[in-house]
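Undergrad: Before anything else, here's the structure in question.
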């Protein structure tokens, strides 16, 4: 039995989702959003750190998974998103949690089956996979998707005996 905390980072809204994994089943434990209230950016980072730390204290997860930064058109937005991720990751490392990072494409592929899925498709599939009565809010659904992605990735590694295929075909690019 393992508990996975998934994080969808944002400088204004950071989504979180917590699932428990028993064998091949995934059980919903909780989800929501950390909403930062201040215009003072360093204080918003503190709110993210404190919020993630509290969620870790509340749910006692074994694993922490977070979405990787994507390339944004606006460099300032990308930097702020990276700093928000950093605040969440520091909260996880303070609790001695192993940190896993996944791209948006990996997360969408694990949850929906295609890396080009829309947000509404992710919400719908998260609802179906976790047997929720209603679709979660977009940021919380994305965070639950991160946790589901980590579950599927770790299950794949277990079935491979903890190692990937070492043969490589073709050229490295």
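Glycine residues also receive a Cβ, built from the backbone N, Cα and C atoms like all the rest.
If you look up Swiss-Prot, you'll see 8, 67, 139 marked as active site. According to Swiss-Prot, the feature Mg(2+) 1 binding site maps to 8, 139. Residues annotated as Mg(2+) 2 binding site in Swiss-Prot, with sequence analysis given as evidence: 67.
Please go over these features one by one and say how buried each is and what sits next to it.
TA: Around residue 8 (active site), taking its Cβ as the centre, 25 other Cβ atoms fall within 10 Å, counting all chains. DSSP classifies residue 8 (active site) as strand under the three-state reduction.
Neighbours of residue 67 (active site), defined as other CB atoms within 10 A of its CB across all chains, total 24.
Reduced to three states, the DSSP call for residue 139 (active site) is helix.
Listed in sequence order, 8, 10, 13, 14, 15, 33 are the same-chain residues at least 6 apart in sequence whose CB falls under 8 Å from the CB of residue 139 (active site).
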Undergrad: DSSP secondary structure for residue 67 (active site), reduced to helix/strand/coil, please.
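TA: Note: residue 67 (active site) is in a strand by DSSP.
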